[in-house]
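Trainee: Found this in TrEMBL, in case it helps:
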- 10-237: domain 'Orotidine 5'-phosphate decarboxylase' (DOMAIN)
- Asp16, Lys38, 65-74, Ser129, Arg192, Gln201, 221-222: substrate binding site (BINDING)
- Asp65: active site, for OMPdecase activity (ACT_SITE)
- Lys67: active site, for OMPdecase activity (ACT_SITE)
- Lys67: active site, proton donor (ACT_SITE)
- Asp70: active site, for OMPdecase activity (ACT_SITE)
Amino acid sequence: MIKPQCPKDRIILALDVDTLEEVKELVLELKDYVGYFKIGLPLIVSYGFEAVRLIEELGGRCYYDSKFHDIPNTVQKACINLVKNNIHFFNVHIQGGSKMIAGTVKAVNACCKRLEKEPPVILGVTLLSSFGQRTLTTELCVEKSIEDYVLQLAKVAYDSGLDGVLASAEEAKRIRKQINDENFIIVCPATRPTWASVNDQVRVDTPRDAILAGVDYMVIGRPITTAENRIAAAKLILDEITTALEEKDSAEPAVL
């Protein structure tokens with residue numbers, strides 16, 4: 001597992017840029033202030049593993065936001081290819097089902113054993129943060145509340161062998177209560193400090209919300225990458241995380 005060791009580790013910076021030159025600029029500027037750099041589908045389609053190699057060569061760590069969702073055999077092969085290319089941290093859609101997930105975990109672990117590699121951390125995407133209740137109900141025909149639906153998906157992820165899930169802070173509270181495993185990782189995918197706009201996200205949390213809910217990592221993009229002073233923005237968020245961790249520690253009962 002890769003549980004965060006310090007406030008910086010908890011920030012996954014979304015590299016929502018178009019070129020490797022922009023990737024290089026952001027990694028060099030911010031690698032001392034964030035834990036991981038997330039590359040999503042635009043960069044994956046354009047540059048793939050080249051972007052990953054660049055991040056690592058510059059001293060950063062990569063979170064590969066693959067969001068695989070396909071038939072089990074296809075996802076298994078895709079994830080094995082990630083392992084062979086030394087991708088250590090990536091995700092799949094839980095809505096692909098337990099057969100897809102469990103088969104992928106088994107295939108990846110077998111590949112790692114054969115190649116004598118450490119198994120990667122594989123997370124499950126619950127519900128995209130751009131989804132609201134109306135979309136879930138009217139377009140996907142899911143009668144459950146978002147909170148109940150996400151909790152159900154988190155249970156599927158856990159039972160199928162994933163290392164963690166992506167969920168909002170409010171959803172994370174319920175997941176922590178239902179899945180009593182401190183090693184189960186929760187990443188908050190849409191995190192915005194109070195001074196930043198929410199953009200196209202619907203279910204958004206502040207860094208403080210995320211920490212107090214038991215979230216391990218938070219994905220933050222534009223509040224840092226589009227700030228006039230990116231380092232100053234990152235430091236403000238680190239301060240908020242540090243304060244929230246202290247608040248959380250003080251609220252928890254002491255172990256005698």
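Cβ from N, Cα, C; glycine included.
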Trainee: Counting distance between Cα atoms, which of the binding-site residues Asp16, Ser129, Gly221 is nearest Lys67 (active site, for OMPdecase activity)?
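Mentor: Result: the closest of the binding-site residues to Lys67 (active site, for OMPdecase activity) is Ser129.
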Trainee: Mean pLDDT across the domain 'Orotidine 5'-phosphate decarboxylase' (10-237), rounded to an integer, is what?
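Mentor: Residues in the domain 'Orotidine 5'-phosphate decarboxylase' (10-237) carry a mean pLDDT of 94 in this prediction.
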Trainee: Distance check, please: Cα of Asp16 (substrate binding site) against Cα of Asp65 (active site, for OMPdecase activity), rounded to an integer number of angstrom.
Mentor: 11
Trainee: According to DSSP, collapsed to three classes, what secondary structure does Ser129 (substrate binding site) have?
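Mentor: DSSP call for Ser129 (substrate binding site): coil, neither helix nor strand.
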Trainee: Pop the Cα-Cα gap between Ser129 (substrate binding site) and Asp65 (active site, for OMPdecase activity) into the table, whole Å please.
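Mentor: That comes out at 14 Å between the alpha carbons.
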Trainee: These are the binding-site residues: Pro72, Gly221. Which one scores highest on other Cβ atoms within 10 Å?
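Mentor: Max Cβ neighbours within 10 Å, all protein chains included: Gly221.
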